[in-house]
Amino acid sequence: MYGQFFILFAMIVVGYYGYRKGWLTREVNKGLGGLVMQATIPAMLVTTIANIEITNDILVGFFLMMAAQAAAMMIFGFLMRLYGKARKLDGRLLDMLDITTGSLNNGFIGLPVAAIFFGDVGVMYMSAGVLGLNLYLWSYGVYVLGGKQGGSGGQMGKTFLKGAVNPNCIAIFLGLALTLSHTVQFVPQALLDFLTRLGDLSTPLSLIYIGALAGSSGIKQLFHEKDALELSIVKMLGMPFLAWAVMLIVPAGDMAKSIFLVTAALPAAVVVPMMVEKYGYGEKMSSDIVLLTTLISVVELPACVWLTHFLY
């Protein structure tokens with residue numbers, strides 16, 4: 001396990017050092033992030049899920065995990081809204097606070113972490129969180145950020161489909177279809193090998209991206225944003241604690257409990273500031289919270305993984 005922690009930190013350091021030395025620029029890193037989200041992670045999802053022997057218990061657990069994570073994001077976001085009110089935060093920022101702090105970066109960060117520490121079944125459960133995140137953001141998230149206006153049912157449906165139908169979700173359902181129908185054996189081996197090799201790039205590229213992001217974000221300036229820093233710390237401490245408390249009474253398996261706890265330690269989703277800019281108010285603070293929670297997660301995620309080995 002300690003060797004895996006070393007790999008995690010070393011790859012992040014490579015990204016940080018690469019940016020500080022000028023090998024990676026903001027534009028290059030932005031393109032790297034797009035490559036990971038649009039190509040390497042979908043490839044990893046298809047091949048990983050397609051090659052798992054899915055039992056009824058795993059399938060039920062998958063959809064329960066999806067629902068549980070979507071519910072957890074809604075509940076914790078609401079609690080953070082109450083916290084913001086108690087701290088007398090500008091009322092215009094409460095919708096942003098609700099969605100930003102409730103969201104979890106299951107895809108870009110969660111999937112590589114699951115692959116390193118929990119293997120294929122861990123990736124399977126984490127991918128359920130990707131579906132939960134999309135369900136949360138593109139239905140409830142748009143509704144809240146739009147001032148709970150929502151628009152017509154048709155408009156909301158179009159918005160949901162536009163956001164939720166993305167390469168990651170398509171890859172998850174394709175992988176499920178291949179394994180449940182037992183048709184993966186008919187896919188050309190060369191294509192499977194290609195997708196596997198492409199998917200294997202997800203972990204190193206994601207971690208290098210995070211390191212470069214840390215190198216470019218102006219860490220000292222970020223830590224002077226006191227409100228964003230306070231809210232980020234509350235999110236990154238409060239959400240894992242609540243997840244641990246819930247898992248004390250939920251009769252789930254050890255793997256499901258471990259993934260649920262680690263997921264709660266993930267930073268805010270990177271897509272949220274763009275959604276806030278389009279639908280709501282407070283894009284700057286939303287961006288600060290995403291960056292700060294990402295930096296905090298570099299230390300917190302390994303700690304949560306380590307704890308799962310003792311708790312479950």
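All positions are counted from 1 along the displayed chain.
Note: Cβ is positioned from N, Cα and C throughout, glycine not excepted.
So that you can see what the record holds, here are the features copied from TrEMBL:
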TRANSMEM  6-23  transmembrane segment
TRANSMEM  35-52  transmembrane segment
TRANSMEM  58-84  transmembrane segment
TRANSMEM  96-118  transmembrane segment
TRANSMEM  124-147  transmembrane segment
TRANSMEM  159-181  transmembrane segment
TRANSMEM  201-219  transmembrane segment
TRANSMEM  231-252  transmembrane segment
TRANSMEM  258-277  transmembrane segment
TRANSMEM  289-311  transmembrane segment
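Beyond its flanks by at least six residues, the transmembrane segment (201-219) meets 8, 11-20, 24, 26, 29, 32-33, 35-36, 40-41, 43-44, 108-109, 111-112, 115-116, 291, 294-295, 298 of its own chain at Cβ-Cβ distances under 8 Å. Through the fold, the transmembrane segment (6-23) approaches residues 29, 113, 116, 203-204, 207-216, 298, 301-302 of its own chain, all at least 6 residues removed from its boundaries and within a Cβ separation under 8 Å. Long-range Cβ contacts of the transmembrane segment (231-252) within its own chain (Cβ-Cβ under 8 Å, at least 6 residues beyond either end) map to 61, 64, 72, 76, 79-80, 83-84, 97, 101, 260-261, 263-265, 267-268, 288-289, 292-293, 296-297, 300, 304, 311. Taking pairs at least six residues apart, the transmembrane segment (58-84) and the transmembrane segment (258-277) share three or more Cβ pairs below 8 Å and count as touching. For the transmembrane segment (35-52), the most Cβ-contacting stretch among 96-118, 124-147, 258-277, 289-311 is 96-118 (pairs under 8 Å). Distant neighbours of the transmembrane segment (289-311): 1, 5, 8-9, 12, 100-101, 105, 109, 113, 117, 210, 213-214, 217, 219, 222-223, 225, 228-229, 231-233, 235-236, 240, 244, 257-258, 261-262, 264-270, 272-273; these residues of the same chain sit at least 6 beyond its ends, with a Cβ under 8 Å from one of its Cβ atoms.
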